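*Asks:* Take this structure, written in structure tokens, and hold onto it; I'll ask about it next.
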Amino acid sequence: MSASAVVSAPRRFQFGPLWLVLPALALLAVFFIFPLGRLFVLGVQDPGTGALTTEHYARLADTPVYWRILGITFRIAFLTAAFCLLLGYPLALWLSKMDSRRQSLMTLLVLLPFWTSYLVKTFAWMILLGNRGVLNSLLTDTGLLERPMRLMYNELGVIIGMVHAMMPLAVLTMLPVMNSIDNRLSLAAGTMGASRSQRFWLIYFPLSAPGVAAAGLLTFITSLGFFIVPAFLGGRGQTMLAQTIITQVQELVNWSFAAVLASLMVAATLVAIWIYNKFFGLSALSGQAPKVDGTPRGSAALRACGQRVLKDLAWLSSPFDRFASQDPSAKGGFSIYALVAVIFLVAPILVVFPLAFTSASSLQFPPPGYSLRWFEQYFSSPVWLAATLRSFGVAFATAFCATVLGGLAALALARSQSRWNGPIFALMLAPMVVPRIVIAVGLFYLMAQIGLVATNTGLVIGHTLLAIPYCFITIGAVLKSYDWRLNQAAETLGAGRLTILRRITLPLLRGGVISAALFAFVTSFDELTVAIFISGGLKTTLPKQMWDDMFLQLNPTLAAVSVVVLLIVTVILLATRKLQK
Amino acid sequence: MTKSLLPVLTRRTLLASGAAALATPMLMRRAHAEQSLVVADPGGPFTEGYRKAFYEPFTAATGIAINSVARDAEPTAQFKSIVDTKSYIWDVCTITLSARLILEEQGLLEPLNLDATKVSDVMPEAVHPNMLGTDVYSTVLAYNTDTITEAPEGWAAFWDFDKLPGRRSLRKNPIDTLEIALMADGVAPKDLYPLDVDRAFRKLDEIKDKIDVWWTGGAQSTQLLESGEVDMIAGWNARFQAAIDGGAPAKIVWNGGLYSIEGWGVPKGNPKADLARQFVAFCGQAEMQAKFTDDLAYGPTNLRAYDHIEADRAAILPTSPKNLELMSLASEPFWKANRAALTERFNGWLLD
């Protein structure tokens with residue numbers, strides 16, 4: 001009796017910090033849950049009569065091919081996330097060791113592929129990896145290979161394309177966490193006799209783990225929804241679930257079954273998140289304050305296991321310590337790796353540049369001659385210019401809205417101990433998990449009814465929806481290492497809440513907030529699916545315009561547009577660099 | 001609404017070959033300016049070709065302005081949303097024969113009430129109560145003339161790796177691919193439907209592991225042929241023509257080709273349906289259809305159009321008499337009934 005009274009009173013009280021999450025929740029409720037709810041209802045409805053039916057789910061159960069495709073989807077997403085972490089961690093580490101000036105310059109390079117449309121990147125990989133592609137020609141011409149290697153139209157091609165697309169996201173998620181690690185801890189461990197390996201595996205790595213977990217989750221979940229890369233770089237064995245959903249909606253117009261497949265995807269992802277949470281203590285990611293006893297519930301054994309593994313890793317790598325002596329030049333190998341990784345990220349863009357200046361009307365590589373004709377075509381086309389302007393406008397608005405809404409939500413969850421944290425956390429990530437085509441179709445339905453189709457507002461709302469999870473996670477990850485005692489200290493000195501936010505919290509979180517805004521900007525800038533539906537062909541964004549052009553004729557205007565966009569974006573990035581300092 | 005259309009008007013105006021020439025009649029017709037149609041076409045070269053063939057002549061003849069927008073590659077879902085929500089952002093839209101069947105079944109198409117005498121020269125397969133086909137596209141075999149020195153005569157050659165070694169590519173879709181397998185196995189085009197699906201898969205089994213690329217997008221098929229990535233490929237004729245026009249050493253084999261039709265449909269309940277019908281009927285004329293063949297390697301459905309097309313150009317169009325007689329019409333009703341099941345079976349087969 002008394003126990004329940006005790007629980008219920010604080011519960012109302014504990015909702016306190018959670019009010020900050022309300023704006024984001026409101027947006028999600030109206031433009032995400034409601035339209036999706038209607039779509040999911042389709043999955044259990046007879047399309048003719050509207051009566052409840054299980055026939056669509058029965059069909060799913062009877063058709064093994066979808067379960068295999070689900071398996072393939074998981075495998076590809078897992079491999080992508082694993083390689084992103086494996087290849088991205090050293091790169092992020094390398095970046096975090098730089099002074100902030102060089103770091104932001106190098107981060108720019110890492111970000112570059114992010115600014116190139118998925119479509120263009122994918123086609124660039126086709127040019128690089130083809131049987132007669134740049135790589136194979138190089139290798140066979142120099143006699144290193146007798147016959148061309150099969151680099152794409154198989155799983156390898158898909159993984160290369162997806163890791164390339166996702167690695168910047170992984171690096172950018174890990175970097176703010178690494179930047180906030182106090183290097184004196186490793187130093188202190190060193191003075192107490194810890195070896196290099198021990199300092200890394202027992203001190204540094206566990207401290208960077210929240211960033212690694214965030215990056216792994218983000219890349220895994222985002223990869224689940226991919227369809228362009230497997231369609232163009234995959235072989236007959238690489239079909240992903242998003243492709244089958246698109247087929248159902250666009251070609252077969254079977255929304256009931258599409259809704260079933262979409263539900264399957266959402267359910268599978270939630271299970272994955274749940275498992276991840278169990279094993280890696282992902283709840284930490286939501287920004288929850290660490291538990292008093294320092295152990296996530298029920299995972300003390302796992303934690304001990306983790307400690308054991310890290311100790312083993314430290315022991316295993318210790319023989320190599322002497323290769324990396326105190327001599328600073330020994331960092332050479334590390335830097336070479338990082339440079340190779342940067343080249344991997346930038347290579348497709350290096351292909352796009354010469355193509356933009358080609359004199360041919362095909363995407364022949366290397367170009368037979370050079371000209372500026374494709375730039376002329378771009379700059380003399382009001383269609384392209386209008387689309388470019390609109391994309392920038394929409395992306396800026398999206399970056400602002402998503403950062404504010406996602407940031408407030410992250411702040412709320414970080415301060416709250418409510419039992420609603422879990423569900424809210426899941427909901428905030430949900431737009432990332434649900435395939436964009438499903439969100440787009442649901443949104444179109446709703447927006448058509450309230451007159452938001454073919455408006456910039458509609459585009460901003462749609463894109464904000466998609467960007468919120470990225471902002472939420474990025475800011476949540478930095479908040480993880482935020483020292484809340486600073487707020488208390490400020491409060492004791494008489495600062496109000498707003499003053500604390502402005503003078504203490506925001507400056508300390510600046511790196512994360514700017515990363516979040518950049519993520520949101522890119523998400524909107526490269527977004528195609530929602531644009532296809534919401535633009536209605538009238539409010540064309542840049543990716544939509546590229547898609548329209550690309551679907552019918554591949555010509556170098558696309559490359560020229562990419563180059564112009566890259567240049568403009570580089571300027572923006574350089575400008576934010578000033579802010580980030 | 002007027003405001004949101006402005007950028008499109010500007011776009012149309014400026015894209016016109018002679019902005020000045022266009023500006024004068026527009027001033028003269030200001031009285032009709034409120035009469036306009038939003039027409040959704042596939043974009044890119046289609047917009048260019050249709051503008052010359054249909055949009056500008058129609059505006060010149062009637063004073064009704066045409067604003068063209070690019071539609072999605074598969075507009076059926078958008079079409080459905082437009083009708084269901086009664087937000088008629090398009091008045092007319094291009095659809096394929098297969099889309100027509102899906103849209104018709106769901107009651108999403110407005111009847112066109114075409115005057116039979118006005119479309120008497122149009123291929124009968126292209127005239128429907130709710131769609132008027134304007135162009136014919138075809139799935140054909142194309143090969144690289146540098147690496148395949150002996151011209152393949154039909155689909156059987158695609159299976160013949162001894163005689164014609166080289167890299168192959170097929171579309172990652174059962175549509176047309178099953179027909180191709182059956183023709184390679186000796187089935188005559190007129191006996192194709194209903195497809196002997198088991199036989200088709202058995203035939204495909206023979207070359208399953210030897211197909212280097214399963215392509216998914218039209219632009220990709222152009223690139224595969226153009227870059228020499230594959231030596232033989234099955235796909236849409238205009239995509240291959242684009243590669244050939246771009247200088248690729250390649251040829252198209254019309255023998256055993258499967259053609260289908262694309263044309264105009266009007267969303268059900270459209271308040272501008274009468275204007276839309278007027279536009280659609282206009283597009284049936286031979287002289288108009290002849291004009292899009294400059295930009296598009298698709299065949300006019302009005303065969304009288306060939307009176308206005310030069311012989312060189314006619315030779316690469318699917319409906320020129322010489323090519324048409326080598327090909328057959330893909331059966332949309334068969335695919336309408338079996339597409340979902342066969343797509344599943346095909347996808348499963350690919351993964352095995």
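Heads up, the Cβ atoms here are built off N, Cα and C, so glycines get one too.
Just so you know, TrEMBL annotations never went through curation; they're auto-generated.
Look at TrEMBL and you will find A:20-45, A:65-93, A:105-128, A:156-179, A:200-233, A:253-276, A:336-357, A:392-413, A:425-448, A:460-479, A:512-534, A:554-575 tagged as transmembrane segment. Taken from TrEMBL, the feature domain 'ABC transmembrane type-1' covers A:70-276, A:388-576.
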*Asks:* At an 8 Å Cβ cut-off, counting only pairs 6 or more apart in sequence, do the transmembrane segment (A:105-128) and the transmembrane segment (A:554-575) clear the bar of 3 or more pairs?
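*Replies:* Counting Cβ pairs under 8 Å (6 or more apart in sequence), the transmembrane segment (A:105-128) reaches the transmembrane segment (A:554-575), since there are 3 or more.
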*Asks:* Within the same chain, where does the transmembrane segment (A:200-233) have neighbours whose Cβ lies under 8 angstroms from its own Cβ atoms, ignoring anything closer than 6 residues to its ends? I mean 6 or more beyond.
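*Replies:* Counting only partners 6 or more residues beyond its ends, the transmembrane segment (A:200-233) has Cβ contacts under 8 Å with 73-74, 76-78, 80-81, 84-85, 88-89, 92-93, 118-119, 122-123, 125-126, 129, 152-153, 157-158, 160-162, 165-166, 169-171, 173-178, 181, 185-186, 189, 194, 239-243, 246, 265, 268-269, 272-273, 276, 280-282, 284-285, 310-311, 313-314, 317, 429, 432-436, 470, 473-474, 476-477, 480-481.
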*Asks:* Looking only at the recorded stretches A:20-45, A:336-357, A:460-479, which one has the largest tally of CB-CB distances under 8 Å to the transmembrane segment (A:425-448)?
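*Replies:* Going through each listed stretch, the top one turns out to be A:20-45.
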*Asks:* Rank A:156-179, A:392-413, A:512-534 by Cβ pairs under 8 Å to the transmembrane segment (A:460-479) and hand me the top one.
*Replies:* A:392-413
*Asks:* Determine which recorded stretch among A:20-45, A:156-179, A:336-357 has the most C-beta pairs below 8 angstroms with the transmembrane segment (A:512-534).
*Replies:* A:156-179
*Asks:* For the transmembrane segment (A:156-179), which stretch among A:20-45, A:65-93, A:253-276, A:336-357, A:392-413 has the most Cβ pairs under 8 A?
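*Replies:* So the stretch in question is A:65-93.
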*Asks:* Report, as numbers and ranges, which residues of the same chain sit near the transmembrane segment (A:65-93): CB under 8 Å and 6 or more residues beyond its ends.
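*Replies:* For the transmembrane segment (A:65-93), the far contacts come to 110, 155, 158-159, 162-163, 166-167, 169-171, 174-175, 178, 208, 211-212, 215-216, 219-221, 223-224, 226, 230, 237-242, 244, 261, 264-265, 268, 272, 334, 337-338, 341-342, 344.
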